[in-house]
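Here the structure is laid out as structure tokens; the discussion comes afterwards.
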Amino acid sequence: MAIPPRIALFRRRIPQSIVRPVIVRHCRCFSSCLRDAQQQKSTSQLDDGLSTTYFGFEKIATGLKEARVGAVFSSVASSYDTMNDLMSLGVHRLWKDYFVRGLDPGTNPLSASPPSNALPRGWNILDVAGGTGDIAFRLLDHASNVHNDYTTRVTVTDINLDMLAEGRKRALATPYARSSRLSFVEANAENLVNIPDNSVDLYTVAFGIRNFTNKEKALREAYRVLRPGGAFACLEFSKVNNTAFDAAYQRWSFGAIPLIGQLVAGDRDSYQYLVESIAQFPNQTEFKDMIMDAGFIVPGRGWEDLSMGIAAIHKGIKPVEGSAPQ
């Protein structure tokens, strides 16, 4: 049986023992692809009983997704900024700056003040799926430059070694390269085995959670590692809240981005997956509900739209014992 071209691209990167041919249904337009994917969403098993998930619009065996996503990010690691420029129309840098300013690392109002004879311990921050260091560097810069806090530290975790290598390389241009304030660790967000319970003040994930195989499990892990009163903060592509603008944005996403990915990075398939992964990600209300289901208290309505919903910031607080949702 012939393997479709998109599958062949990834087959070369996946051990042959786990490759399972999957038929890709080619659609004539974005709307028909999206409609077909939504109609299939309720199906959780393949005909042979294997559990399934989605890799973009393609339904695959759950066990294959980690390797498939890994192949995508290994491919784009060296051109990560270019990728995000294409995906966000160039404003991802502004979103990231705004995201970090809103978190204000270095002055956590939920933490008890230290005794007068003790030094502030700084925040312990976990930046998940943050391999290239984009968010980590901003967090440390903010703590240092805004609060004169030189004790806050960030652990960057990523499942992809190529992304971590890119982050370590970029760190060489910062004051944190050989500092104990910054570390890079290979880890799966769904199983943070090296992170103790109740040990993290702030958990951040930016443009990463939509690629997780089991988002609910990752949220439960976030809840586990955060201390009571600690904050979960997510910056992710979301759903545009203006119909006319959404139509234009979808045409750009599905018509232009994969083509530009081919021209700029020589990799159309990875960029096609990335735009499909955005379309498949839950809307703002659905994701807020997932955060609450993991046990978090959600402040306000639970999210803040950026650029009319192209992206959104979601937050949740791990309750302190005896506290109740507001």
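Keep in mind that glycine also has a Cβ here, set from the backbone N, Cα and C atoms.
As recorded in TrEMBL:
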type    : residues               : note
BINDING : T132, D158, N188, A189 : S-adenosyl-L-methionine binding site
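In this structure, the binding-site residues T132, N188 were compared by how many other Cβ atoms lie within 10 Å of their Cβ, and the smallest count belongs to N188. Other Cβ atoms within 10 Å of the Cβ of D158 (S-adenosyl-L-methionine binding site), summed over all protein chains shown, number 27. Residues T132, D158, N188, A189, recorded as binding S-adenosyl-L-methionine, reach a greatest CA to CA spacing of 16 Å.
When Cβ atoms from all protein chains are considered, those within 10 Å of A189 (S-adenosyl-L-methionine binding site) total 25, not counting its own.
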